[in-house]
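Over in TrEMBL, the protein carries these features:
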- 1-27: region 'Disordered' (REGION)
- 1-10: compositional bias 'Gly residues' (COMPBIAS)
- 13-27: compositional bias 'Low complexity' (COMPBIAS)
- 59-181: domain 'CMP/dCMP-type deaminase' (DOMAIN)
- His111, Cys141, Cys144: Zn(2+) binding site (BINDING)
- Glu113: active site, proton donor (ACT_SITE)
- 215-242: region 'Disordered' (REGION)
Amino acid sequence: MAGPGKGGDAQIGSAAKAHAGSQSGAGALAGGHAGGLAGGPAGGHPGGLPGALPVDHAAVDRHHMARALVLARQAWDRGEVPVGAVLVAADGRVLGEGSNRPIGNSDPTAHAEIVALRTACTAVGNYRLPGATLYVTLEPCAMCMGAMLHTRLARVVFGAPDPKTGVCGGTIDLPAVAQLNHQTVVEGGVLAAECADLLRAFFRARRDAVKARRLAEREGAGAGPQVVPDALTDGEATDPAA
């Protein structure tokens, strides 16, 4: 989702839905698993070799979420709210990646999840991606979750909760609506602290930049250097920590 309309620090720092097992640091990969194991069968090596170690699915989730955090930081570098997403096929291939681009693209739909979905669907040549998992650093909004349901994703894994615009438990639980013609499993809380800290830092920097600009204007020194583009000042996106 592009920009959270959020509540307080305590809300964004705690997962809306606890991910199975505790989540360690962003770079942790238990057992040395790399990406590409997300689709491995439970209890065995993807190739089914006798005696192979079970796939550590929690480690795989952390691995892909860590990549989504890298993409989120790239969004910050462009002046966008830092949200990143990675779309992984059932066999573990990364099909698409995305980070927020609504400001740069002048496109209100260019949330990280939508960018990743468009990239993946174009690459595959199909608007449906059954069995795939999407990792995103922030709980999806209604638009993004709706698109993921239409894409027939198997799983959605998010980092920080969004108690103001998230629809996977934050405001409503859209994926749990029984009348929907597709059910997608949603899990939250993977690297939640890292994801929330990044958002807090971004909005803190934005507030500081706005304060500095206004102070400079009051002192007659002009606007001064801009840390963030004007499109993000004065409440374009609501601070999750406010």
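Placed from the backbone N, Cα and C atoms, the Cβ positions cover glycine too.
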Using DSSP three-state counts, the residues of the domain 'CMP/dCMP-type deaminase' (59-181) come to 44 helix, 25 strand, 54 coil
Given the binding-site residues Cys141, Cys144, which one has the fewest other C-beta atoms within 10 angstroms of its C-beta?
-> Cys141
Pairwise CA distance, Glu113 (active site, proton donor) versus Cys144 (Zn(2+) binding site), rounded so that it is a whole Å | 6
